[in-house]
Amino acid sequence: MSAPLSPSPTVVKLSPECQQYYQDVRIKNKYQGVVYKINKESNQMIIDKTFPNDCNFNELTQCFKENECCIIVFKYVISNSQSKLFFIYWGSETAPQTDKVLYSNAKLTLAITLKGIDIKIAGTKKSELTEEIFKERAIPKQA
């Protein structure tokens, strides 16, 4: 007898404001970034928080919490005239496996929906998402 099929991954819906807040970061420069979370009751991706335009990198790293997952769009400022838009998947290695699966599926949905992302990056440990790593990804190496 074969093993029962595991349930199919849950499809996470995007709340209407997900795209709007993304445009507020990317085009309107209203925020420097936005944190997306999944409301498990409604199974919907929602806005958890926004970053003001003058926030520093340390404020971003405070969102990388143990036992949690989230998705962040963050405008990393390289200089006064240059920035790169990062799509960040945070899935703490200590987060529940069900959350990791849920956010991994949501990551795919968001990545398809949000157009104009410069760089995608993922981490399970804070050491994988340091400012040095962001700089290396944002600034192309000179030949």
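Backbone N, Cα and C define each Cβ position, glycine as well.
Since this is a predicted model, take the numbers as computed values, not measurements.
According to Swiss-Prot, the domain 'ADF-H' annotation covers 10-139.
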Kindly report the helix/strand/coil residue split of the domain 'ADF-H' (10-139) according to DSSP, in that order.
44 helix, 43 strand, 43 coil
Over the domain 'ADF-H' (10-139), what is the model's average pLDDT?
94
